[in-house]
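Peer 1: Below are the structure tokens for one structure; questions will follow.
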Amino acid sequence: MNMTKWLGAVLLSVLLLVTAACANTGTQENTQSEKENVSNETKEKNKAVETGNKSLSNIKVLATGGTIAGSSNSDTDTTGYKSGSLGIDKVIASVPQLKDIANVTGEQVVNVGSENVDNALLLKLAKRVNELLKDDQVDGIVITHGTDTLEETAYFLHLVVKSDKPVVVVGSMRPASAISADGPLNLYHAVKIASTKEAKGKGVMVTLNDRIASARFITKTNTTTTDAFKSLEHGYIGEVAGEVVSFYNEPIRKHTSESEFDVSNIKELPQVDILYGYQNDQKYLYDAAVKAGAKGIVVAAAGNGTMSTEAIKGAADAVKKDVVLVRSSRTGNGIVTHEKTDDEHHFVSSDSLNPQKARILLMLALTKTKDPVKVQRYYEQY
Ligand code: GLU
């Protein structure tokens with residue numbers, strides 16, 4: 001190699017080294033600034049979660065248990081699981097997408113199967129909902145609940161919540177541990193509905209299986225399937241399709257802000273029992289309920305509220321002892337019409353409320369009056 005070529009080679013190597021060094025420094029600088037960007041982004045996100053993203057609604061999730069918080073060791077076990085076993089933080093964490101649609105915070109009110117929801121819990125829940133909805137920082141409430149008695153809690157809240165802000169009750173038919181669990185999407189929908197402006201003033205709503213129903217009309221119609229909840233005669237009030245929440249109807253009977261029922265100072269609800277009507281039923285059922293202290297009896301009677309001669313005797317005796325008697329229907333659908341015989345016996349008919357919801361309204365009616373004529377009016381208005 002001659003001197004010129006040697007110098008040329010040395011210069012080229014130096015140039016390459018310098019270029020590589022510069023490029024390397026550039027990469028390091030980029031990595032550094034990327035890191036800073038990422039950590040700033042994380043800081044921003046954390047801040048948004050802490051302080052709440054101002055552009056999103058603040059939704060409180062009140063958890064009561066049920067299958068939506070249920071789990072099993074087997075992902076194919078959709079019946080033998082333990083309901084109410086996961087805490088609300090785990091349930092919310094299982095749907096990270098919630099962060100994109102609302103500032104969601106959870107509160108565990110209780111963690112039970114809904115067959116164990118009692119009057120004391122209904123009062124506690126209603127009082128907490130009313131307290132939270134008075135807060136300007138709360139835009140809506142979602143309540144997670146077992147499906148077995150979900151319609152009773154939802155209808156109770158529909159009658160005693162004193163706010164137009166959205167309240168959505170949600171459950172699931174499959175536990176969180178199951179293949180194709182329906183809880184996460186149902187919860188996502190519930191938060192989405194509660195954050196929607198149009199949901200205001202519609203009373204308490206229930207969502208499962210992509211539908212939005214009024215608490216007044218929804219009922220559980222199947223023991224295990226994911227389409228168990230139906231709003232049979234009166235229809236749904238809306239639907240969630242993809243990211244879109246659409247409303248088509250609203251309940252016109254009185255509810256929430258228009259309701260005259262107020263539980264803020266009530267410590268205990270009156271005992272109301274449901275008696276089933278069937279062939280060969282006996283008067284002693286009524287006698288036993290009255291003796292045990294029932295203040296009201298709802299009869300899950302046959303057809304259009306038809307009662308046997310024996311049952312009517314028991315019911316008429318109960319009425320003489322100041323018990324309010326409401327005829328509902330075990331058919332699960334339709335209106336129990338008010339007849340002349342109701343006036344003769346001082347019975348009340350339940351309109352289109354099924355026995356379990358007729359019981360909820362009767363408990364609240366009894367906080368106001370024992371007069372069957374006035375109670376009948378409530379069934380016509382709510
Ligand atoms: N019996 C339980 C309950 O109502 C499980 C049913 C359910 O949530 O789907 O909480």
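Glycine residues also receive a Cβ, built from the backbone N, Cα and C atoms like all the rest.
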Peer 1: For the substrate site that TrEMBL assigns to Thr147, Asp148, which of Ser114, Ser177, Ser180 is also named?
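Peer 2: Substrate site check in TrEMBL: besides Thr147, Asp148, the record includes Ser114 out of Ser114, Ser177, Ser180.
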Peer 1: Give me the count of other Cβ atoms within 10 A of the Cβ belonging to Thr147 (active site).
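Peer 2: Summing over all protein chains shown, Thr147 (active site) has 24 other Cβ atoms within 10 Å.
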Peer 1: Roughly how many angstrom lie between the C-alpha atoms of Thr147 (active site) and Thr67 (active site, O-isoaspartyl threonine intermediate)?
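Peer 2: Pair distance, Cα basis, whole Å: 7 Å.
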Peer 1: Taking the Cβ of Asp148 (substrate binding site) as the reference point, list residues of the same chain whose Cβ is under 8 angstroms away and which are at least six residues distant in sequence.
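Peer 2: Result: Gly66, Gly113, Ser114, Glu115, Lys220.
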Peer 1: Given a 10 Å Cβ-Cβ cut-off, pick out the one of the recorded positions Thr67, Ser114 that has the most other Cβ atoms nearby.
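Peer 2: When each Cβ's neighbours within 10 Å are tallied, Thr67 tops the list.
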